[in-house]
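Asks: Below you'll find the structure I mean.
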Amino acid sequence: MYPVDLHMHTVASTHAYSTLSDYIAEAKRKGIKLFAITDHGPDMEDAPHHWHFINMRIWPRLVDGVGILRGIEANIKNINGEIDCSGKMFDSLDLIIAGFHELVFAPHDKETNTQAMIATIASGKVHIISHPGNPKYPVEVKAVAQAAAKHHVALEINNSSFLHSRKGSEDNCRAVAAAVRDAGGWVALGSDSHTAFTLGDFTECRKILDAVDFPEDRILNVSPQRLLSFLESRGMAPVPEFAEL
């Protein structure tokens with residue numbers, strides 16, 4: 001459906017089941033041109049050590065025509081928008097996703113959740129907010145979408161939220177998509193794969209986007225070039241190997 005997937009986990013997050021090589025093979029099979037590995041930040045109980053993220057610099061950029069982005073799904077830690085990504089980790093990473101996870105930041109009231117999410121957006125350290133429609137973390141959706149548009153941060157529609165986790169996300173995600181549409185911001189689609197078999201599956205995301213008539217020209221996954229232009233506008237140095245994507 002789209003040639004870019006921006007959210008997935010490998011065996012480095014020990015509740016996931018596929019390797020980098022598994023994802024490359026599945027990307028080739030499905031025609032995915034560019035994907036980001038985004039294992040959980042180190043404050044999660046079963047997450048990789050911070051050296052895992054620093055050492056991503058040894059990865060090839062391109063394997064058999066498939067581009068690989070070095071990423072993290074960091075954890076929002078507090079109302080000040082601090083995340084568990086710092087120092088040399090930033091030097092090795094292309095894509096910083098951040099979101100709420102109960103083991104790191106327990107659910108709070110809507111005002112507190114909103115304060116934490118907007119502070120994270122405004123920090124300048126994050127490219128995408130993961131699963132902002134999670135019903136366990138109610139937020140002021142309009143305010144979050146406006147902040148995201150202002151700071152050039154995408155809000156994610158997460159396919160896994162409608163299948164395996166975060167039950168009851170549908171209404172919230174429709175509200176998120178509509179608010180991003182009205183604010184003129186960006187949406188990022190993530191399979192949130194924990195196994196390579198679901199790489200590039202945005203079937204449920206598409207239903208959400210269609211329900212609110214979301215414009216294609218505000219979806220980062222439409223092409224590698226669009227996603228890379230977005231990242232470069234946020235300060236990522238151009239990657240010569242990606243020119244052929």
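The backbone N, Cα and C atoms fix where each Cβ goes, glycine too.
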Asks: For the Zn(2+) 1 site, Swiss-Prot lists His7, His9, Asp192; sort out which one of Glu73, Glu82, Glu140 goes with them.
Replies: Glu73
Asks: Pick from His49, His50, His131: which one does Swiss-Prot list with Glu73, His101 for the same Zn(2+) 3 site?
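Replies: The record-listed residue among the candidates is His131.
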Asks: What's the most sparsely packed of the binding-site residues His7, His9, His40, His101, His194, counting other C-beta atoms within 10 A?
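Replies: Result for the binding-site residues His7, His9, His40, His101, His194: minimum number of other Cβ atoms within 10 Å at His194.
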Asks: Quick one: of His15, His131, which of the binding-site residues has the smallest count of other CB atoms within 10 A?
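Replies: Selected from the binding-site residues His15, His131 on minimum Cβ neighbours within 10 Å: His15.
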Asks: Determine, using Cα-Cα distances only, which of these binding-site residues is closest to His15 (Zn(2+) 2 binding site): His7, His9, His131.
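Replies: Nearest by Cα distance to His15 (Zn(2+) 2 binding site): His9.
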